[in-house]
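**Student:** Sharing a structure with you now.
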Amino acid sequence: MFKNINAAVLLLILSTRNDYANAAAGDNENLFLDLCNLLELGKRAVSKLAPTNLGELAYSEIQKLNMSLSDDAWKAKFAPKKGKQENSNNADGAPRSQEKTHARNHAWRQAATDLAGDEGDKPTLRLAGLEAVTQVEKLQYLSALQPLAERAAAILEQLKTLHSGSAGLTDTNIRQEIQTALYGTGATAPEKTTLQLLKGKGNVGSTRKDICGQDNTAAKADTVLAYLFCICAGHATDSGGAIKVCSQTQPANNKADADVSDAHTHAAALAGQCHGSDTTNDIKAAEIDSAILEFTSKLKAANQKPYFGKYSATGCTGSDAEGICVMFKTTAKGEGKAVKQIPWVLTLHNAAEMIRKQQAVNGKIDSLNQELQAIQTAAYALKPQLEMYKRLQQTTEKARPGKQLTEMQAGECNTHKSNSTCPKNNCKWEEKDGKDGKCVADDSKVTTQGNAPAGAGDGTAGTTTTPNCASHTDKTKCEEENKGKTTPVCGWRKGKEGESDQDKEMCRNGSFLAKKKFALSVVSAAFTALLF
């Protein structure tokens with residue numbers, strides 16, 4: 001951006017034609033309007049650096065829930081003690097959510113303090129729907145809360161680092177930068193400027209030429225207000241300073257080149273002639289850049305002394321026969337950089353850059369705030385998720401192969417209405433007082449309903465009778481049970497986890513592990529679906 005503007009300025013220096021006629025009314029009006037546009041920047045609102053309070057509040061609520069779900073012993077470690085200075089580094093142990101003590105100590109202590117009111121943790125638990133949970137259930141919720149709390153802590157750290165690293169991008173600092181460019185360091189309005197501020201940094205001269213420039217010396221003026229004075233203020237030799245080169249209503253300046261004692265007050269009066277602005281929106285960086293370019297594009301070329309305004313000869317004394325202007329000197333090597341590095345231009349460009357950076361930071365802060373709020377919402381919505389997981393566990397428990405098959409067999413037994421057919425189908429006949437008999441599943445004769453094709457294995461098509469492997473005390477007879485089976489049903493082996501006499505070799509059911517793995521796979525799949 002800066003390079004493009006500088007290139008445009010240099011091009012104008014080389015190409016703009018100079019007119020050495022005496023200054024007349026209205027000659028500098030276009031520059032006056034441009035300078036007024038720049039001065040209006042000082043009245044505009046400036047955007048603020050985005051706050052982090054929404055994200056910090058969300059994190060605080062997450063920690064309050066964490067503390068509320070912890071046991072009393074843990075809460076006591078962080079509870080505020082009346083009349084004693086709390087040491088934030090002496091807590092031992094670890095929270096139920098297994099967060100790092102050194103990094104979270106302050107947050108836990110603050111959470112305990114926030115929960116120290118008359119109602120304690122009841123409002124927090126009520127908000128999460130966890131008022132009546134057991135201690136075991138609290139541990140379950142804390143386990144689920146842990147990754148959320150860790151993620152929130154990491155985001156909060158990002159948020160704080162970003163905000164503290166952008167402390168210089170406040171609206172106050174940006175406004176001060178703009179005001180420095182317009183009126184001088186420390187001045188907040190045209191009428192607050194001083195003569196020394198108007199004369200320019202380090203200027204010990206006492207004439208208008210010293211401020212505005214002359215044939216052999218570049219201008220010392222370094223604020224927009226000083227440029228306004230140089231380009232618009234009249235001179236005593238021209239109708240008592242009443243020449244109106246900028247505005248038909250501008251005040252007269254009946255002062256000679258050597259008298260600048262009240263130049264700063266006259267400059268403020270000229271600023272009062274500027275048009276007002278009804279724009280209430282925050283100032284944008286592009287507006288600053290545009291206002292700068294609008295003025296700097298009007299630089300005129302002269303013989304190694306480019307200038308703004310009206311010039312005839314000698315220098316910018318204010319006389320219509322000499323110059324009402326701001327002049328630079330480009331005779332010696334390196335002097336041309338002054339044209340590209342006008343102090344107030346550089347300062348305003350810096351203010352524009354600060355606004356751009358602030359807007360970028362604000363977008364990131366808003367995003368992190370929203371992330372923390374989303375995590376807070378998730379933390380306080382754990383109950384329905386964990387209840388769903390419990391239901392899935394219960395469903396899986398019911399779906400365990402042995403139990404499921406027993407229920408299926410019970411359904412088959414119900415179809416038999418006679419004591420003569422019931423026992424033949426691995427069922428048993430039950431009667432109450434010798435009457436009202438019914439056919440029910442015989443637990444000692446568990447059968448499984450399979451999808452085997454007709455004729456496969458033993459028994460009827462699609463049905464397999466599960467042998468009583470434990471009844472065999474001989475390895476050979478044990479393994480004979482597998483004859484004709486596509487999958488071994490018995491095996492001479494030591495016990496697995498969950499089986500009795502694990503160290504003893506005996507004939508055992510070969511489907512034990514398959515059933516356990518099936519049940520675990522259902523639970524695992526259900527929990528994975530719950531999380532993702």
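Glycine is no exception: its Cβ is also placed from the backbone N, Cα and C atoms.
Straight from Swiss-Prot, here's the annotation block:
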SIGNAL    1-23  signal peptide
CARBOHYD  N66  N-linked glycosylation site
REGION    79-107  region 'Disordered'
REGION    408-504  region 'Disordered'
CARBOHYD  N419  N-linked glycosylation site
COMPBIAS  427-445  compositional bias 'Basic and acidic residues'
COMPBIAS  450-470  compositional bias 'Low complexity'
COMPBIAS  472-484  compositional bias 'Basic and acidic residues'
COMPBIAS  494-504  compositional bias 'Basic and acidic residues'
CARBOHYD  N509  N-linked glycosylation site
LIPID     N509  GPI-anchor amidated asparagine
**Student:** Would you identify which of the glycosylation sites N66, N419, N509 has the most other C-beta atoms lying within 10 angstroms of its C-beta?
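**Tutor:** The largest 10 Å Cβ neighbour count belongs to N66.
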**Student:** Where does N419 (N-linked glycosylation site) sit in DSSP terms: helix, strand, or coil?
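**Tutor:** DSSP assigns N419 (N-linked glycosylation site) to coil.
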**Student:** At the Cα level, what's the spacing in Å between N66 (N-linked glycosylation site) and N509 (N-linked glycosylation site), rounded?
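**Tutor:** Approximately 46 Å lies between the Cα of N66 (N-linked glycosylation site) and that of N509 (N-linked glycosylation site).
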**Student:** I'm trying to understand the geometry here, so how far is the Cα atom of N419 (N-linked glycosylation site) from the Cα atom of N509 (N-linked glycosylation site), in Å to the nearest whole number?
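**Tutor:** Approximately 31 Å lies between the Cα of N419 (N-linked glycosylation site) and that of N509 (N-linked glycosylation site).
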**Student:** Please state whether DSSP places N66 (N-linked glycosylation site) in a helix, a strand or coil.
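**Tutor:** For N66 (N-linked glycosylation site) - judged by DSSP and reduced to three states - the answer is helix.
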